[in-house]
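Notes follow the structure.
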Amino acid sequence: MLLALAQWLQGDASFLRLFTYLTFRAVMATITALVIGLVCGPWVIRKLTQMKVGQAVRKDGPQTHLVKSGTPTMGGVLILIGIAVATLLWGDLTNRFIWIVMLVTFGFGVIGWVDDYRKVVYKDPRGMSSREKYFWQSVIGLFAAVYLAFSVSEANNVRVFDLFMAWVRSGLSMGLPARADLMLPFLKSISYPLGVWGFIALTYFVIVGASNAVNLTDGLDGLVIMPVVLVGASLGVFAYVMGSAVYSKYLLFPHIPGAGELLIFCSAMGGAGLAFLWYNTHPAQVFMGDVGALALGGALGTVAVIVRQEIVLFIMGGIFVAETLSVMLQVTWFKYTKKRYGEGRRIFKMAPLHHHFELSGWKETQVVVRFWIITLMLCLFGLSTLKLR
């Protein structure tokens, strides 16, 4: 919004050219989202408390968590407000990637809001059924996947439609340009051509998978928000590089016109996330809820797909991956041993993984900070792939 205004008025006021610089707008988006979160936080927490949307704690979880029962949840709306305002103020609203990321983020946020609402109203920690949740996630994820398959490959929406029609006329067998290939970290001239169907399948898996992985990780005060901020900031760097014809050529990445604008979104997400951490740090005054976790995970997955860094997201989001795998392994092993031996056995003391460490004697704050440190190291490793190729 402010970019369009600056472009319109810069002939009358030369200082407004500052607003056309992507890095300046990214910094301002971070500050805007941070200030909005810090200022609106007490009001949002107070309203959530008045609405009596307290968190229902799992009875089979760690006993130390029982004191958290009744803490306001659905605080993810505070993050989404900060992201929305900062992105709309400082982003280029003609950029197609901004809108598709916003669509996925807020679409998944609505799913999470319904899930949280059911948990609060019916006092049931399970919320929406898994089938219902995955159905709506799949609807949004598949829509985004189909659009991005052609959007990443072309420079504007007109050419996106032309490419889509060419694919239809080919009998759904036409391939995609090289910039839509799966990029392999550390290899500068080797990529894997996915084709339209492969791109759609991978994108769906990344978006929906990232959303649920972040949601599973959100189990301790402050645990998930800092990794989201770190991974989001790192993806913002990739977006800046991929969106620049100069830097992408120098670093041997495919140039994706318009991708650089995602730096604004990632910056807004970082600022909003830090503001939320102010109130979510131990002992938490508010919980993110599914409305925040599902939305942020979907956002990370979508940005990673656009900048063609799905594998790097897997690396930098290693904590999310480990948490998800711990649940999958626990459930699979329990069912297998129950069928084979008549008694279910566990690999971990409790899943997701952060509960295993809690029951192993780690304090909650130790688990949280150590997971932050691991994520920081993984993000630095992921960023190293910019040059080590």
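Cβ coordinates come from backbone N, Cα and C, glycine included.
As given in Swiss-Prot:
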type	residues	note
TRANSMEM	25-45	transmembrane segment
TRANSMEM	73-93	transmembrane segment
TRANSMEM	97-117	transmembrane segment
TRANSMEM	135-155	transmembrane segment
TRANSMEM	190-210	transmembrane segment
TRANSMEM	222-242	transmembrane segment
TRANSMEM	258-278	transmembrane segment
TRANSMEM	286-306	transmembrane segment
TRANSMEM	311-331	transmembrane segment
TRANSMEM	366-386	transmembrane segment
Stretch-level contact, the transmembrane segment (25-45) and the transmembrane segment (190-210), CB cutoff 8 A, at least 3 pairs: no
Same-chain residues at least 6 beyond the ends of the transmembrane segment (135-155) whose Cβ lies under 8 Å from its Cβ atoms: 96-97, 100, 103-104, 107-108, 111, 161-164, 167, 176-177, 179-180, 196, 199-201, 203-204, 207-208, 211-212, 256-258, 294, 298, 302, 305-306, 308
Proximity verdict for the transmembrane segment (311-331) and the transmembrane segment (73-93), three or more C-beta pairs under 8 Å: no
Folded-back contacts onto the transmembrane segment (258-278), same chain, C-beta under 8 angstroms, at least six residues removed: 22-23, 25-27, 29-38, 41, 75-76, 78-83, 86-87, 90-92, 95-98, 101-102, 155, 222, 225-226, 228-229, 232-233, 235-237, 239-240, 242-244, 286, 288, 292, 296, 299, 303, 306-307
Cβ contacts the transmembrane segment (190-210)/the transmembrane segment (286-306), at least three under 8 Å, sequence gap 6 or more: yes
Top partner of the transmembrane segment (222-242) among 73-93, 97-117, 366-386 - counted as Cβ pairs under 8 Å: 366-386
Folded-back contacts onto the transmembrane segment (73-93), same chain, C-beta under 8 angstroms, at least six residues removed: 1-4, 25-26, 28-30, 32-34, 36-37, 40-41, 44-45, 48, 53-55, 99, 102, 105-106, 109, 112-113, 116-117, 119-120, 261, 264-265, 267-269, 271-273, 275-276, 279-280, 286-293, 295-296
